[in-house]
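Straight from TrEMBL, the features:
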| type | residues | note |
| --- | --- | --- |
| REGION | 1-98 | region 'Disordered' |
| COMPBIAS | 9-22 | compositional bias 'Polar residues' |
| COMPBIAS | 41-66 | compositional bias 'Pro residues' |
| COMPBIAS | 80-96 | compositional bias 'Acidic residues' |
| DOMAIN | 126-179 | domain 'Pre-mRNA processing factor 4 (PRP4)-like' |
| REPEAT | 307-339 | repeat 'WD' |
| REPEAT | 348-389 | repeat 'WD' |
| REPEAT | 390-431 | repeat 'WD' |
| REPEAT | 432-473 | repeat 'WD' |
| REPEAT | 474-516 | repeat 'WD' |
| REPEAT | 517-558 | repeat 'WD' |
Amino acid sequence: MEIDDKENPNPNATNSPTQTAVQIAPVEPPIPLIPTAITPPIAPIPVLPPPPSSIPRPLAPLPSIRPPNGDAAKTTNENADSDEEGDDSGPEYEISEESRLFREKQEKAKQDFLMKQRAAALAVPTNDKAVRSRLRRLGEPVTLFGEREMERRDRLRMLMAKLDSEGQLERLMKILEEEEAAVNAAGMDDGGYEVEGEAIQYPFYTEGSTALLKARYEIAKDSVVKAAMRLKRARRKRNDPDEDEDAEINWALENAKTFSLDCSEIGDDRPLSGCSFSSDGKFLATCSITGVAKIWSMPEIKLMSSLKGHTERATDVTFSPTNNHIATASADRTAKLWNTKGALLHTFKGHLDRLARVAFHPLGKYLGTTSFDKTWRLWDTETGEELLLQEGHSRSVYGIAFHPDGSLAASCGLDALTRVWDLRTGRSILALEGHVKPVLGVSFSPNGYHLATGGEDNTCRIWDLRKKRSLYTIPAHSNLISQIKFEPQEGYFLVTSSYDMTAKVWSARDFKPVKVLSGHEAKVTSVDVVGDGQSIATVSHDRTIKLWSSKSAEKEKAMDLD
């Protein structure tokens, strides 16, 4: 019984603790075995969530890329910036103080450029009375302290450009036209005369004086004769079998190769600025920044006289081609005419700014001056009267030269432009563009159709007046060219002076270098060639005058005799 009861226990009976332990014991082992066997493959499963969480992370900066609109956008951008550090997309739209200042400066420069463009396109009265009247009607000061005519006109131009940019010019001009019409109606009395002091209407051109008309008639008459003589000589050289022009040029160039330093002399206590030979080659005139010009006898360079009268530095000096009168230009806005004894003959006043260069007309009766007031002027040397005030350059006018016939004048300036003027009509017949920097020197060739210019771009350009274009560009110096001169007799060579402390001789046939004249210790400011082409004078900031002479002078005299 006991055995049967133990083998077949009563299911309804309550199990004892011993029996429970026995029954649980076989069940417990498989329970830990199952997780230990399953755990290795399940373990990497929790690692899979990071990739999904990393997927949206690149999308976080997307709201910051969009332009912020309202507070919600700002909040989104702030959250995006705080969630992701090191994101460079946000600062792309932040403007630093330096960037803001740079943009403002750039915008201001752009506006100034546009303003100048507008100003250049506006028509401004040239008569000072009309300028004053226009300023008065615009409610602006008629004149400012120390303001000159050209400055007043520029102020009116900029004022009109400003009004144009603001869209007020048409309305103001309409008012001005009505006011002028009213002034015209009220300002004319029964006899039809204009009220005194009122500048109402001016012609497009400036009416010249009787003296200018007389001068133009004389210039035209003389230039026709000289041009006929020049052409006759050119035809003779071309058609005469005994004339060998190539041989003459070769001889002149070989002669130029022999230029050497003949004499050197201290010219002043301060740097020298100009030099010029007399027509017969017996005298040399120099000037310096002390304002004093001096006359030296040649060829020993002995001081003859001093010309004192300028109150500021002298900028140029030149001899008359017909007599021994000397003209000087100065920064005191005047030019003066002297004789060789040092006596002052005339003072030419009229320029509004300092003078640059001065040149005599081939007739010797007229003098041309250039100035930083953007004009050049023609003067009568006998009366001291101003004959012509010529505008045309947009910046300061620096160099001037006259055609050997006397019919043309060439002016060059800081606008990198060279203009050729017909003195018989007063018209600008050529505008020679090619230099990229200010043009400081200009010279006509004796052949009548070549013009040489040199400037701050270190080049010398040869222009053909017949073809109206640049014929050749010489890369002449390593610094700016201060002066340029053709050999005055036949024009077989030309000489340039430069701030690279040298002067150079160039062939006028193929424009190749012939001779380098080196010896100065500072900038060479001016150069001149004597009438027979046998001597060259240079002056420099080293205060010295140097005379360069040819070794073949005696041979040339023998050829002249033959």
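The backbone N, Cα and C atoms fix where each Cβ goes, glycine too.
As the structure is a computational prediction, the values presented were derived from the model and not from experiment.
If you look at the repeat 'WD' (348-389) against the repeat 'WD' (307-339), you find at least three C-beta pairs under 8 angstroms, all six or more positions apart, and that counts as contact. Secondary structure of the repeat 'WD' (307-339) per DSSP (helix as H, G, I; strand as E, B; remaining residues coil): 0 helix, 17 strand, 16 coil.
Across the repeat 'WD' (348-389), the model assigns an average pLDDT of 94. Helix, strand and coil content of the repeat 'WD' (517-558), in residues and according to DSSP, is 6 helix, 20 strand, 16 coil. Counted with DSSP, the repeat 'WD' (348-389) comes out as 0 helix, 23 strand, 19 coil.
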